[in-house]
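First up is the structure itself, then whatever we jot down about it.
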Amino acid sequence: MAEVVIVENEAAAGALVADTIVSLIRSKPDVVLGLATGSTPLASYRALARRIADDSIDVRGVRGFALDEYVGLPAGHPESYRAVITREVVEPLGLTPELVRVPNGDPATIEHAGADYEVALTAAGGVDLQILGIGRTGHIGFNEPGSSLASHTRVKTLTEATRADNARFFDSPDDVPMHCITQGIGTILRARHLVLLAFGEVKAHAVAAAVEGAVSANQPGSAIQLHPHTTVIVDEAAASQLEHLDYYRHAWANKPAWQGI
Ligand code: GLP
């Protein structure tokens, strides 16, 4: 089962994620990080940027692969995930831009963009640690309900619920693209360690379905149950619908000190 860690707030989650990634970088300077967009991982990226600066950690060799991208936004659009990853991750952390990839949402090459991304992921040796958020519909990456649990990087049509959720980043809801390119669930499951973050009551149902519900394409987040090393970091509100909350707290309180997340 996934390890569930209940933290006080996003800052506490950020500190835990930053610690974990810093020790990974120390043991593997060309570590491959799987990067999620959305508001959920922002506190972790900020905490990590501070740790890197404070401890003068050399991140020049760190590699990254984003989970997903919109299809058809003009190059340089501020809400393209390429722009978001540059703004929120590459620049503040001081990563080498050429080592951080985002799926290519250019319609001109979209037919083979998914396969190209899979080739690049494999050539990089796979993702060491994948940061994940979860959508209200239970999606991870942009794998909406119904996505194959074995899927690879490919083009998907966004649900209207996800388009509505993401409308806050655009001038008008109609500006939210209809299509995206996303790592598949099978792709995500190949990462060596999954770290799923969720905060707030609005995520409580998706978290409970992912951690304790039936494994089903209907709840893409539930695919984490198929992975041998998953850490779910949530605040009290996002944890509020979990049935085995007491056990998760007990296990965390008694965790062997050598174990890490
Ligand atoms: C988007 C992203 C996901 C993200 C999810 C949740 O649709 N493609 O990777 O996990 O929304 O977003 P947020 O973290 O803003 O709640």
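Please read every residue number as a count from 1 along the shown chain.
In case you wondered, yes, glycine gets a Cβ from its N, Cα and C as well.
What TrEMBL says about this protein:
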- Asp68: active site, proton acceptor (ACT_SITE)
- His139: active site, proton acceptor (ACT_SITE)
- Glu144: active site, for ring-opening step (ACT_SITE)
- Ser147: site 'Part of the allosteric site' (SITE)
- Arg154: site 'Part of the allosteric site' (SITE)
- Lys156: site 'Part of the allosteric site' (SITE)
- Thr157: site 'Part of the allosteric site' (SITE)
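Overlay of TrEMBL annotations on the structure.
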residue	record	DSSP class
Asp68	active site, proton acceptor	strand
His139	active site, proton acceptor	coil
Glu144	active site, for ring-opening step	coil
Arg154	site 'Part of the allosteric site'	strand
Seminar exercise, completed: Most Cβ neighbours within 10 Å, among the recorded positions His139, Arg154, Lys156, goes to His139
Problem set entry | Those recorded positions in Glu144, Ser147, Arg154, Lys156, Thr157 whose CB falls under 6 A of ligand 1, listed in sequence order | none
Seminar exercise, completed: Cα of the residue listed as 'active site, for ring-opening step' to Cα of Thr157 (site 'Part of the allosteric site'), in Å and rounded, measures 8
Seminar exercise, completed: Quick note, Asp68 (active site, proton acceptor) and Ser147 (site 'Part of the allosteric site'): C-alpha atoms separated, nearest Å, by 14
For this session: Taking the Cβ of Ser147 (site 'Part of the allosteric site') as the centre, count every other Cβ atom within 10 Å, in any protein chain shown.
Result: 22
Seminar exercise, completed: Using a 10 Å radius on the Cβ of Thr157 (site 'Part of the allosteric site'), the other Cβ atoms enclosed count 14
